[in-house]
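Asker: Positions annotated as active site, nucleophile by TrEMBL: CYS12. As annotated by TrEMBL, active site applies to CYS12, HIS117, ASN132. Per TrEMBL, the feature region 'Disordered' maps to 256-327. Residues annotated as compositional bias 'Polar residues' in TrEMBL: 256-276. Per TrEMBL, the feature compositional bias 'Basic and acidic residues' maps to 277-297.
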Amino acid sequence: NVFDENQEGSLCAQHCLNNLLQGEYFSPVELSSIAHQLDEEERMRMAEGGVTSEDYRTFLQQPSGNMDDSGFFSIQVISNALKVWGLDLILFNSPEYQRLRIDPINERSFICNYKEHWFTVRKLGKQWFNLNSLLTGPELISDTYLALFLAQLQQEGYSIFVVKGDLPDCEADQLLQMIRVQQMHRPKLIGEELAQLKDPRSQKTDLERALETNDGPGMLDEDEENLQKALALSRHEIDMEDEEADLRRAIQLSMQGSSRNVSQDTPQTSGTNLSSEELRKRREAYFEKQEKNEIRADLPGPVSHPRERPPTSSEALGSDLAGDAMSEEDMLQVAVSMSLETVRNNLETEGEK
């Protein structure tokens, strides 16, 4: 609801007044009429010195100081236009105003001028706005920034005028008395926005512009090269990890295959592998049992039974192999035991004959 006229030609004085009053109160025709009236008043004062005087003839030959064909209007035109609304202008840095020691926040509006440009800074509700017609929209100014903003304008060569009097009521002022607004994006200069729309570079992202302006193409190429090296190294490490994983799987499959081959070649009655110590204990228990059986067979009994033939070493070996798979050392021990058993059996056979 903030009224804000954008720049048209050189009609900044008209925009300044209408933005101050928050409505289309003045047109170029009305301001031109005020300018012509001022020119006539000045001519009449010069004629008092004589219409035949050199000063008067020089004055008539000069263009108007209150307006020109471009649409520029002087401070006198603006001041006279505001008097219609009972408003007066006081120079901000004048001794007269400085003696008042008034905080800018307690004022209602300012008019700023630099060379041939005019714009308004006005308080609407409880907030200040920069209503510069060269901007794409109103610019919110905080209370803490207002004094700094005016001081910056003065340093840049602006003349600042304080508007004294009661401004006409407006909808924006009434609304902003009840609420406060926030501005997410600052308005841009109209020329800057048009230039960005025409320039293809303006369509680029902030990251692309930063990469182009900060370090240049050389730095960008170097960054890309480093990125490629990092990616290549990462891929190499992944390949190495995959190769190691494949090698581990191959070894595991090979071991599983060997285990299956051993289990197929050697019948097993138990799925548990025995240690060498357990095999040794089993062999000792077997030979002790065998010796007991031989002693029991030699003892006389009431009934003669044929002595049972003890199992041969080959049968014992088969029994051991049927129980569990053995290591090469255990197999060698069993083979020696089997040889001794064969010799013992042969000697017993010869003794019986």
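Placement of Cβ uses the backbone N, Cα and C atoms for every residue, glycine included.
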Asker: Express the distance between the Cα positions of ASN132 (active site) and the residue listed as 'active site, nucleophile' as a whole number of Å.
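Answerer: It is 9 Å, counting Cα to Cα.
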Asker: Please work out the number of neighbouring Cβ atoms within 10 Å of the Cβ of HIS117 (active site), leaving out its own Cβ.
Answerer: 18
Asker: Among the active-site residues listed here (CYS12, ASN132), identify the one with the smallest other-Cβ count within 10 Å.
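Answerer: Relative to the other active-site residues in CYS12, ASN132, CYS12 has the fewest Cβ atoms within 10 Å.
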Asker: Rounded to an integer, what is the Cα-Cα distance in Å between HIS117 (active site) and CYS12 (active site, nucleophile)?
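Answerer: Cα-Cα, rounded: 6 Å.
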